[in-house]
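*Asks:* Would you mind keeping the following structure in view while I ask a few things?
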């Protein structure tokens, strides 16, 4: 799963892979399918996506990932 059709912005396979990896890792942390789905919802722009970044101890990269999400959304 690399490309989300709800994303209407700039298509970059590398960006999608990085964003999707956060959601995959978050799913692996909690093992609840709704976590991955909510993380990806609205093209990675939900609070769940940001919470996943925090839960994965990626505090230093939150702004960078939010910018990536805006580029593809």
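Each Cβ is built from the backbone N, Cα and C atoms, and glycine gets one as well.
Got these off Swiss-Prot a minute ago, pasting:
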- 7-43: disulfide bond (DISULFID)
- 23-39: disulfide bond (DISULFID)
- 26-52: disulfide bond (DISULFID)
- 73: serine amide (MOD_RES)
*Asks:* Residue 52 (disulfide bond): which of the disulfide-bonded residues 7, 23, 39 have a C-alpha within 10 angstroms of it?
*Replies:* 23, 39
*Asks:* Which residues of the same chain, at least 6 positions away in sequence, have a Cβ lying under 8 Å from the Cβ of residue 7 (disulfide bond)?
*Replies:* 16, 43, 44, 72, 73
*Asks:* How big is the gap, in Å, between the Cα of residue 39 (disulfide bond) and that of residue 26 (disulfide bond), rounded to a whole number?
*Replies:* 8
*Asks:* Determine the Cβ neighbour count for residue 26 (disulfide bond): the number of other Cβ atoms within 10 Å of its Cβ.
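*Replies:* I get 23 for this one.
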*Asks:* Do any residues at least six apart in sequence from residue 23 (disulfide bond), in the same chain, have a Cβ closer than 8 Å to its Cβ, and if so which, in order?
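*Replies:* In sequence order, the residues whose Cβ lies under 8 Å from that of residue 23 (disulfide bond) (at least 6 apart) are 35, 36, 39, 40, 44, 49, 52.
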